[in-house]
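Listed in TrEMBL for this protein:
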type: TRANSMEM; residues: 38-60; note: transmembrane segment
type: DOMAIN; residues: 40-459; note: domain 'SLC26A/SulP transporter'
type: TRANSMEM; residues: 157-176; note: transmembrane segment
type: TRANSMEM; residues: 196-214; note: transmembrane segment
type: TRANSMEM; residues: 319-339; note: transmembrane segment
type: TRANSMEM; residues: 360-382; note: transmembrane segment
type: TRANSMEM; residues: 402-432; note: transmembrane segment
type: TRANSMEM; residues: 453-481; note: transmembrane segment
Amino acid sequence: IKSKLRHQLSCSLPRVKRTLTDFFPVVRWLPKYKIKEYVWGDVMSGLIVGIILVPQAIAYCLLAGLEPIYGLYTSFFANIIYFFLGTSRHVSVGIFSLMSLMVGQVVDREVYLAGFDLSEDSKQSSLAAVWNTTRDHQNIEDNLTIVAFSSECGKECYAIGIATALTFLAGVYQVLMAVLRLGFVSVYLSAPMLDGFATGASCTILTVQAKYLVGLKIPRHQGYGTVVVTWINIFKNIHKTNICDLITSAICIAVLLAGKELQDRYKNRLKIPLPTELVVVALATVVSHFVDLNGQYNSSISGAIPTGFIPPKVPSIELFPRVALDAIPLAVISFAFTVSLSEMFAKKNGYTVRPNQEMLAIGFCNIIPSFFHSFTTSAALAKTMVKDSTGCQTQVSSVVSAFVVLLVLLFLAPFFYSLQKCVLACIIIVSLRGALRKFRDFPRLWRVSKSDATVWMVTMCSSALISVEIGLVIGVVFSMMCVMVQTQHPKASLLGQIENTNNYEDMDDYDHLVIIPKVKIFRFQAPLYYANKDFFLKSLFKAVGLEPFLEKSRRRKLEKKAKIRIATQTDKE
């Protein structure tokens, strides 16, 4: 131990260099960047992802319960930081619908507990009265005020304060896990469990956004059973439907779905993805502005989106105890999706990634942006697939995407003032197509593995019907229970030889196998340990047709008879 510590704590120039290159992988690959070979693919993929990213960043803020500007901040800083720290060449890190939903649930809960109105029309109100009742003479502005929005901290200010505190803690947890080399924990998050969790969360996302499609202004449900309660509230208030929002939603969903179907059908012929979201956002904004849909038909719009950057601010330490537990599932899910996507595309393109470094990278993608009014990030499958299909070679494409977002932040943000919220909801709902299609794959999964299908169904139902946090816990626990059951009672069988070969197969599954005389080949499909040793013996004895206790008793009787026979013969002699 002493020698190992001495080696780990030793300091030399090569060791410092290796540590820096390990911590900043960009130092290793950027000097080797092949401009002629890589730059075109990186620039094209970066531009395309950036164009897709802008409307999604604005839309996903609806899920997070935050102003649209914060989604743009999140997308910008996450791309820049992952460029320096990530080991994957293709992963697109930034705003993600599932993370936005989980952040939004915490934000809405804390905003509600702080005494603010959760309705869409609630005005900015002072938080001083709320905080002064619990902390005498505390300086509110020092802790929560964001100058760009109001001189005194109100609802939106408190909401982003909760989001940044939550994001900071999630990032700290991820960095601690990386330092402690806990990257292996992703092994316990099985693919069926993650798919079920994502599908259940997608049902919740669809439900939360449904009210915007019909223009209903009802607060988000707090507590368990969001899906059921929200749909009940929607149908109770369906007579208040805003016809303008309903028609706009129908048109936008039709256009978006048509664009996605064309993209899927002709993806081999199209050199770049169709920017359907950007076209829909641009046209909808122009129509809303010139027809004045907000003034004429009371249609909800995004409102003012400021340009530039709000001055950085340290996340409020006072809020850490309120969100410390909520940050744990955020940290785990964010890491799990990032690592799984990194490894998936690394295998596809023939290189390797380091899970612990990925955890470190996504941790700092949460810690550093939390000082710049951003919320929790993760790798996103759709944008990663776009990068891979449009010729991305390195993370230089992330810098290009960040530049596109920067242009919007500096110059174009005010043009989204008249954009209807129902259009943003349509973008979110259509983006859930991939996750919701998992329902169609369930029969095939059931035929392949009933245990995996059961894990998927249990996780999906608990995530959708109870809550995403409880669904995650139930999914992990149920997955581990299934593993325990499978190892305690695995399949056990006798093998027979395939005629004229050296191959052996299960005699229960195949006919006409050759049985070797006086030899039994037994297969036990699990590691042997204390929990399944009794089952192993029972399975073995049953397979070979042997009852050890009966056999032992029979042999004792035979031995006893033999002794009596020998004794009788001796007496006769």
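Every residue number used here counts from 1 along the chain in the order it is shown.
Heads up, the Cβ atoms here are built off N, Cα and C, so glycines get one too.
Since this is a predicted model, take the numbers as computed values, not measurements.
Using the rule of three or more Cβ pairs under 8 Å, pairs at least 6 apart in sequence, the transmembrane segment (360-382) is in contact with the transmembrane segment (157-176).
Mean pLDDT across the domain 'SLC26A/SulP transporter' (40-459) comes to 83 in this model. Two recorded stretches are said to be in contact when at least 3 C-beta pairs lie under 8 angstroms, sequence spacing 6 or more; the transmembrane segment (402-432) and the transmembrane segment (38-60) meet this definition. Counting C-beta pairs under 8 angstroms (sequence separation of 6 or more), the transmembrane segment (319-339) fails to reach the transmembrane segment (38-60), with fewer than 3 such pairs.
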